[in-house]
Amino acid sequence: MSHNMAPADMETGAGSSKPVDDDGRPRRTGTAWTASAHIITTVLGSGVLSLAWGVAQLGWVAGPGVMTLFAAVIYYTSALLADCYRTGNPVSSPRNRTYMAAVRATLGGSMVKLCGAVQFINLVRFGIGITIAASVSMMAIKEAGCFHRKGHKANCRSSSKSLYIAIYGIMEIFLSQIPGLESVWWLSMLATVMSCTYSIIGISLCVAQSVANGGIQGGLTGVAVGINAAGKSVTVMDKVWRSLQAFGNMAFAYAFSIVLLEIQDTLKAGPPSEAKVMKKATAVSVAVTTVIYLLCECVGYAAFGNTAPDNILTGFGFYEPFWLLDLANAAVAVHLVGTYQVITQPIFAYVELRAAAAWPDNAFVGTMHVRLWPSGVHVAVCPLQLIGRTVYVCLTTGVAMAMPFFGSVVGLIGAVSFWPLTVYFPVSMYIVRRQVPRGRTRWLLLQALSAVCLLVSVAAAAGSIADVVAEFRRR
């Protein structure tokens, strides 16, 4: 999809000498590797930083087990969803370029509106959570330098993240003018490298901490009820709420179904079919991220035990070497710049295409050529793209300033979006497409999977809401 074309050309690609695909749009060039980069960019980052805390709530048995279970569920349901990209023949049938289009072609009716509402509400929530996470990492760079100069007991904690959230927002305003998701591949590649960088640093620091401790910390069931190692009381309800929030954090760690079909729409036409390529990309991405997740959560818990912070790089379980912490947090911030674009480009595309279809002759929606003074250079500008995207970034930035609770927000986002977009819709569309008879063994197993995941989402959302309320009360 190219947003530099005039409105009349956005649907067909007419008037352009560039090669087009079977739907009349500029030829897609994506591969399994670019799709994998988009997925890794989406899922790694803010989620991986809280996994050690999650294992601390669940323990050595349940923590890694839940993470592995989520990995299996996300791969299976993602494969079901990838098959929905084309209706009918997997190579030549009409494309469903978005999640909503797939639901419209398969389920129809009120399900389309429900899917659209859930998807776009959660895309906005993801954007807010990513902004908060990036500001935390940016602020940690300043704090690490302060602790290094003044000592580990110095009062170096910043009272407000607003300045760092604003800086991040300004960067995203400029990057939001990238035309579309297919043009973000280079940013996703950079973000993938950054994610590997800070993950390796975090794992290495945790291993070094375990060696310094003289052994592995933690227990089979995680944080125990009573007085913990920090001298704070942990009640039964504290244990329950935090365990539920940990489920939400782990669910968020694999939350890329929300943009899976949009990523799949960047792949070049087959054979092999886009579905086969996307399944390969999903397998590679889930395998890579699962290995990184298990390493981060296990070595983090081994290093800190039940006192693991909700962010292993910014919770200051480590103070030295401060320059290595700075490098890791800078890599996190750069990575999250790419994540924000992958998450928000589907929103921009939806709004701009709908506006072009509704008002094809409106100058605000179309492309105009503007002369830059004093150079005399002419550039193509779409007022809707320039103004609309800027306003959207400003709105998510403003909300992030008012709600800077990293761990709680991450858990809530993961819990709310996990079941409907990752499990319910893919399973429901599979049943309709394959005409699975009601009451048969396969139908019962699919419904059982959906029901269990719904319970997990509700429980995790309850835990995260309780934590958000507690954060507000403490302020």
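Just so you know, glycine gets a Cβ as well, placed from its N, Cα and C.
All TrEMBL annotations are machine predictions without curation.
According to TrEMBL, the protein carries these features:
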type	residues	note
DOMAIN	28-468	domain 'Amino acid transporter transmembrane'
REGION	1-29	region 'Disordered'
TRANSMEM	35-56	transmembrane segment
TRANSMEM	62-85	transmembrane segment
TRANSMEM	120-141	transmembrane segment
TRANSMEM	162-178	transmembrane segment
TRANSMEM	184-207	transmembrane segment
TRANSMEM	214-231	transmembrane segment
TRANSMEM	243-261	transmembrane segment
TRANSMEM	282-304	transmembrane segment
TRANSMEM	405-432	transmembrane segment
TRANSMEM	444-466	transmembrane segment
Per Cβ pairs under 8 Å, the stretch of 62-85, 184-207, 243-261, 282-304, 444-466 packing most closely against the transmembrane segment (162-178): 184-207
Maximum Cβ pairs under 8 Å to the transmembrane segment (35-56) - stretch from the list 62-85, 120-141, 184-207, 243-261, 282-304: 282-304
Proximity verdict for the transmembrane segment (62-85) and the transmembrane segment (243-261), three or more C-beta pairs under 8 Å: yes
Leading contact stretch, 120-141, 243-261, 282-304 vs the transmembrane segment (184-207) - CB distance under 8 Å: 282-304
